[in-house]
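Chemist: Sharing a structure, written as structure tokens. Questions coming.
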Amino acid sequence: MSSVNLGSWVHTSYVLNQATRSRSKSKSFSLPFNPLKSLAISFAYRKSERPISSVSAIITKEEETLQEEQNNPPPSFDFKSYMLQKGNSINQALEAAIPLQEPAKIHESMRYSLLAGGKRVRPALCLAACELVGGNDSMAMPAACAVEMIHTMSLIHDDLPCMDNDDLRRGKPTNHIVFGEDVAVLAGDALLAFAFEHIAVSTLNVSSARIVRAVGELAKAIGAEGLVAGQVVDINSEGSSEVDLEKLEFIHIHKTAKLLEGAVVLGAILGGGTDEEVEKLRKYARDIGLLFQVVDDILDVTKSSQELGKTAGKDLVADKVTYPKLLGIEKSREFAEKLNKEAQEQLAGFDPEKAAPLIALANYIAHRQN
């Protein structure tokens, strides 16, 4: 997992600033190690209203400022602690949202898959996007939970015998293995319905217009223009020799990226983001959504079932077209790095400290091992 050292970023920017003052009134630097390629740091040399009269005075003033920066560096971003804290909050909210009640069987089935663990990447992205545009956790937590409920529904249905026929998910037997196909289908249906109820009823301190907009975004992300579209084309493409890169991208943008995109966009809308901010984050999310699937394809052929917590090599067995199958492992990895870079470029112009979680999440998705 990668993290962003904001302290090093700010300190290096400062040193570059000082080095250029004696050479030019205005220069622009693009930091070579900075993942935000399009974020150029412009150092404008402004005339002081009270000019310093000597070179020694300038040096003394700069040394004092540099010493102050070194003594009080901005804290680096701790991605592991961030995900642990967000994960705990999300798990508590999910636990409270769906208590064990009658009818017991359906609630047991819903909770079995929903609370089985998982990386909680989608709800974390929702919360991070909300905070990036000036909101807080409480404004987006119901939406974050709703996204995780819908994601869980998609996994339950995806594992069914009529779909991928899988028996392992998150290191445990799949829902239909434990509760039967009939209850598994109904558990997925119930999670889907309750997700929208939860956003509508539990979202507080957000205007009704923004809540309605968020509901519309989420519905579009998972319907016939989103997740379902990707799943249908994926099923129809099994065993086909006519699946090219364009069709594969369509499958994964819809089947995987659309829900990740929805998570980020919901957070931005509910947090009070402007239309411009929402669209930048939409593009960021689409890139990391496709990135997630490219990495998933790579892991499917390079890791074991034990390492993944789900059945490895199942796409190969089902004769599905994947990025490694079309591009090879190394070219797939290069494509993943390209998507990661392009995603992070969309965060240029946002507060770097607030953008740090989204940068780190993109790096995590790119370099995850399961």
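Just so it is clear, glycine is given a Cβ too, placed from its N, Cα and C backbone atoms.
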Chemist: Could you look at R170, R210 and say which one Swiss-Prot places alongside K119, R122, H151 in the isopentenyl diphosphate site?
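Modeler: Given K119, R122, H151 bind isopentenyl diphosphate in Swiss-Prot, the matching entry from R170, R210 is R170.
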Chemist: Would you please pick out, from the binding-site residues D158, D164, the one with the fewest other Cβ atoms within 10 Å of its Cβ?
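Modeler: With the binding-site residues D158, D164, fewest surrounding Cβ atoms within 10 Å: D158.
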Chemist: T256, Q293: which of these binding-site residues has the highest Cβ count within 10 Å of its own Cβ?
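Modeler: Highest number of other Cβ atoms within 10 Å: Q293.
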Chemist: Taking the center of the Cβ atoms of K119, R122, H151, R170 at the recorded isopentenyl diphosphate site, which other residues in this chain have a Cβ no more than 8 Å from that point?
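Modeler: My list of surrounding residues reads G118, R120, V121, E148, T152, L155.
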Chemist: On the three-state reduction of DSSP, what should I expect for R169 (dimethylallyl diphosphate binding site)?
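Modeler: Reduced to three states, the DSSP call for R169 (dimethylallyl diphosphate binding site) is strand.
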Chemist: Compute all pairwise C-alpha distances among K119, R122, H151, R170, the residues listed as binding isopentenyl diphosphate, and give the largest one in whole angstrom.
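Modeler: Of all Cα pairs among the recorded isopentenyl diphosphate binders, the widest measures 16 Å.
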Chemist: Return the single residue from the binding-site residues list (K119, R122, H151, K255) that has the minimum number of other CB atoms within 10 Å.
Modeler: K119
Chemist: CA-CA, which of the binding-site residues D164, R169, T256, Q293, K320 lies nearest R122 (isopentenyl diphosphate binding site)?
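Modeler: Considering only the listed binding-site residues, the nearest one is T256.
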